[in-house]
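S.K.: One structure follows; several queries about it will come next.
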Amino acid sequence: MSAEQNKQFRTPILLSISFLIFIIDQLTKYLCSHYLNQGQPVTIFPGFDLLLAHNFGAAFSFLSDAGGWQRWFLTAFSSAISVLLVFWIIRLPKQEKLSAIALCLILGGALGNLYDRMLNGYVVDFISIYYQSFRFATFNIADSSVFIGACLMMLDIFRNRPAVSQLAENNDSEISKRNDSPDE
């Protein structure tokens, strides 16, 4: 199988990961929206509640009280990022498996929250983690997917750090060779 055929086969599989994240996110949001009352926590176990909340802003409710314009700004921003992620996934070399999975997780999460924002004007959040009186921001499956994808990207960058550092050393030695050679 040629590299191009391999990419054509691999891309739909990768994008199906994003689609699966999107479906799971939307299903959980639907269930929570229909079976939970907003602002009334349901304790699953100490430290973990289901708590329906509508987030009109971005992460950690950033811009949530900005007056409405943020819906369209965040929709445009998320749409642009999603398109860029699709192109990045398509063009990613075959050996970049961890990066591919990370990007698919980020894309699936971005699409889940984008869909909410376009449909409702807000994002449905429902996962609430706390310890004693400290309560972390309420979030959803899409947020978790973006976070895990970002962590995997960082892991991949640090895991490949020796290769990056070797590349930099090779580049430095090549530059010094050019500088040491007599001008013609």
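Including glycine, each Cβ sits where the backbone N, Cα and C put it.
Below, the features straight out of TrEMBL:
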| type | residues | note |
| --- | --- | --- |
| ACT_SITE | D125 | active site |
| ACT_SITE | D143 | active site |
| TRANSMEM | 12-32 | transmembrane segment |
| TRANSMEM | 44-63 | transmembrane segment |
| TRANSMEM | 69-90 | transmembrane segment |
| TRANSMEM | 97-115 | transmembrane segment |
| TRANSMEM | 135-155 | transmembrane segment |
S.K.: Where does D143 (active site) sit in the DSSP three-state scheme?
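M.R.: Looking at the DSSP assignment, D143 (active site) belongs to a helix.
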S.K.: What's the CA-CA gap between D143 (active site) and D125 (active site) in angstrom, rounded?
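M.R.: Here the two Cα atoms lie 9 Å apart.
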